[in-house]
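All remarks here apply to the structure that follows.
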Amino acid sequence: MALRWGIVSVGLISSDFTAVLQTLPRSEHQVVAVAARDLSRAKEFAQKHDIPKAYGSYEELAKDPSVEVAYIGTQHPQHKAAVMLCLAAGKAVLCEKPTGVNAAEVREMVAEARSRALFLMEAIWTRFFPASEALRSVLAQGTLGDLRVARAEFGKNLIHVPRAVDRAQAGGALLDIGIYCVQFTSMVFGGQKPEKISVVGRRHETGVDDTVTVLLQYPGEVHGSFTCSITVQLSNTASVSGTKGMVQLLNPCWCPTELVVKGEHKEFPLPPVPKDCNFDNGAGMSYEAKHVWECLRKGMKESPVIPLSESELLADILEEVRKAIGVTFPQDKR
């Protein structure tokens, strides 16, 4: 039975996700509605992607009984309102990362989803790439021996992107791209809470975080570290080292297709790329869409791959890190 999607917001990421959904079997995925705060933009998006219904408000989409699951592709500060609206209307929700600007927002959304017994998942698409799944298998099999260190880097010059440096839009490196690094170390060490977090970094002149390096001490004398930046290019790789070897996700580690296990190179080709994809390896969004279908058809209320408790943990870590370098957002005071 097809999962009936409603798309909330008509930005670039929503366009990619919609295009990818339409490469999947119609027996499993159908996009039935789209909403924007401007009806003309919603209609334009609907025409481009052949979507039957277009709405000029998110409220109208939330009330549409034909929508089973909402995909939230708004900018960070609008995530909470859109998620809460859709949950209140009884919809399952897949929300782009980060689910919330701060930990309080994430906890409020999680509590709402649980109280209503509705599915909610943070769209950390990285976890569902076959290369990431293969890495988890390597770790589970003990191929690397006793784990010691996990390391990730993600840096691009994004200064030309207005929202990346806009404090009002919760810009900066941590929430936009650093979350990919944090989720990596968390995945490696089983979603454990770090015992200690050490941070060095610099702020951009607009008040957002510019470049940040973080050391996370986990139970068992193992540690993770990462650097993220919106002003410099980094290696954009991730690795795990143990007493018997190392495994690496090659660039781009946030949407990986190549894995090196103890020197052995493995490739995981993407499915066919939809036309007009805006982001690197956008076809890989199909993996998380398939996972949502599986979860909902099994009656699950959250994903076992990125459970809500881990979304809360990631939000806690990101908030602690940015506050350590003096970065706050307007949403923190609400």
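Cβ atoms are placed via backbone N, Cα and C, with glycine included.
Listed features, source Swiss-Prot:
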| type | residues | note |
| --- | --- | --- |
| SITE | TYR71 | site 'May play an important role in coenzyme binding' |
| SITE | HIS79 | site 'May play an important role in coenzyme binding' |
| SITE | LYS97 | site 'May play an important role in coenzyme binding' |
| SITE | TYR180 | site 'May play an important role in catalytic activity' |
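Here the features listed in Swiss-Prot are placed on the structure.
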{"residue": "TYR71", "record": "site 'May play an important role in coenzyme binding'", "contacts (Cβ under 8 Å, 6+ apart)": "TRP5, GLY6, ILE7, VAL8, SER14, PHE17, LEU94, CYS95, GLU96, ALA123"}
{"residue": "HIS79", "record": "site 'May play an important role in coenzyme binding'", "contacts (Cβ under 8 Å, 6+ apart)": "ILE72, CYS95, GLU96, PRO98, THR99, GLY100, VAL101, GLU105"}
{"residue": "LYS97", "record": "site 'May play an important role in coenzyme binding'", "contacts (Cβ under 8 Å, 6+ apart)": "GLU122, ALA123, ILE124, ILE179"}
{"residue": "TYR180", "record": "site 'May play an important role in catalytic activity'", "contacts (Cβ under 8 Å, 6+ apart)": "ILE124, THR126, ALA152, PHE154, CYS253, TRP254"}
DSSP-derived class (H/G/I helix, E/B strand, else coil) of TYR180 (site 'May play an important role in catalytic activity'): helix
DSSP three-state assignment for TYR71 (site 'May play an important role in coenzyme binding'): strand
